[in-house]
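A.B. asks: Following this message is one structure expressed as structure tokens.
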Amino acid sequence: MAPTQEFKPLTHFLRPQYVYLSLASLVFIHVLTLITEVPAGVQLVVQSLACLYIGSMATSKIKLNKQNNKLEKEEKQQEDKMTQKDALQFPIYLSAYLFGLYLLLKYLDEAILKTAITLFFSAVGVLCLMGIIEDAIERLFPIEYSTKIVIDKKINLNLILTSKDIDIKLTKLNFISLLISMLPLGIYLGSKNWICNNLFGIAFTVSGVANFTVIPNFKIAYLMLWGLFFYDIFWVYGTDVMVTVAKSIDAPIKLQFPFTALDDDGNPFTKYSILGLGDIVVPGIFVGMCLKYDVDRQIENVKKISEINITYFSWCFVGYAIGIVTTLAVMILSGHAQPALLFLVPGCTLSVLIKAYLDKSLPQFWAYEAEPEKSDVQTSSNTEPIKNK
């Protein structure tokens, strides 16, 4: 008989009704765009805000500890934490990666390179989509599909200089999610369909926000975001590198928003506005951190999820919304691509600073440390799902 894994209770979103509303809005805007002409700006705002909300909400899920009847945060597997040095070097690494892609596109066989990049990011998109599908199925059928392991093998991988044992464990849930994910992958690779592109882009964005390396405090978060603020300005305003790479790579690393344009003879054709996934993921990491700040300050003193006040998250989310709308307005008025982080970083970071100042809690805000060391007490077997009331 194949071994089974221990059933782990589900965690719950802080505001599930708005998560589901965000999911519905993503479906609705794509269906509506197929039926009628929807302004690209409306598509951009709706999709970016929906992805941001879902991803940031996924950073802080809650469960109930049966032993002491208290709410607890979901335990993350990721233990890596970003340091101050990492935050300072992050824009440099991204710059090297971006410029490297630019040079490769310029001097190597463009067709082969584009194919390789498309296949790589498509594979990443499939993995991200599988994770989202698995989470959804687990909530509907938590025991039937998520616990039974159908493949449990150890493979010895012999390399040139070394060998490594790899444990492969696959459940029914893994197979189901893989099969579902392969359908849009086949359509995308065959036609570069914009909806399939967006499906993988949305999955990548939500997973990126939810599972990014832990940022331990706001000081490091501000260093990273403001470093990327100047990174974005330089590569958009100072050079043609970012725009060239974004337009040249036909891979699910951006969201596409179709609209009808006219050629020189006045004939209509479909054109696409784009939004890089980084313009959602990077601010989304900070928005998610603000949600963690809200949760950590209150979770010991509440008994229901609905009692947790998410004010800092809300201020930051509104700051992002103002930033993305401003980006869109400036882009329309100027007629040129804009570095979105130029508006998103101030919108997110300054909004919560204003909130902390109004609350007279700036010292506590700057002293906050996310993801404190876990206690030695084992609680995984003493937890059960809870429902929002």
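Placed from the backbone N, Cα and C atoms, the Cβ positions cover glycine too.
As listed in TrEMBL for this protein:
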- 18-35: transmembrane segment (TRANSMEM)
- 57-88: coiled coil (COILED)
- 87-105: transmembrane segment (TRANSMEM)
- 111-133: transmembrane segment (TRANSMEM)
- 173-191: transmembrane segment (TRANSMEM)
- 272-291: transmembrane segment (TRANSMEM)
- 312-334: transmembrane segment (TRANSMEM)
- 340-358: transmembrane segment (TRANSMEM)
A.B. asks: Residues sitting near the transmembrane segment (87-105): Cβ under 8 Å, six or more positions beyond its termini, same chain?
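C.D. replies: Sequence-remote neighbours of the transmembrane segment (87-105) are 113-114, 117, 215, 220-221, 223-224, 227-228, 230-231, 234-235, 241-242, 244-245, 248-249.
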A.B. asks: Same-chain Cβ contacts of the transmembrane segment (312-334) under 8 Å, 6 or more residues past its ends?
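C.D. replies: 41, 44-45, 48-49, 52-53, 56, 279, 283, 286-287, 290-291, 293-294, 340, 342-352, 354-356.
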A.B. asks: I'd like to know the mean pLDDT over the coiled coil (57-88).
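C.D. replies: Per the prediction, mean pLDDT sits at 73 for the coiled coil (57-88).
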A.B. asks: State, in range form, which of 111-133, 173-191, 340-358 has the highest count of Cβ pairs under 8 Å to the transmembrane segment (272-291).
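C.D. replies: Highest pair count goes to 340-358.
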A.B. asks: Hey, which bits of the same chain come close to the transmembrane segment (340-358), Cβ under 8 Å, at least six residues off its ends?
C.D. replies: 222, 225-226, 228-229, 231-233, 275-276, 279, 282-283, 286-287, 290, 311-312, 315-316, 318-324, 326-327, 330, 364-365
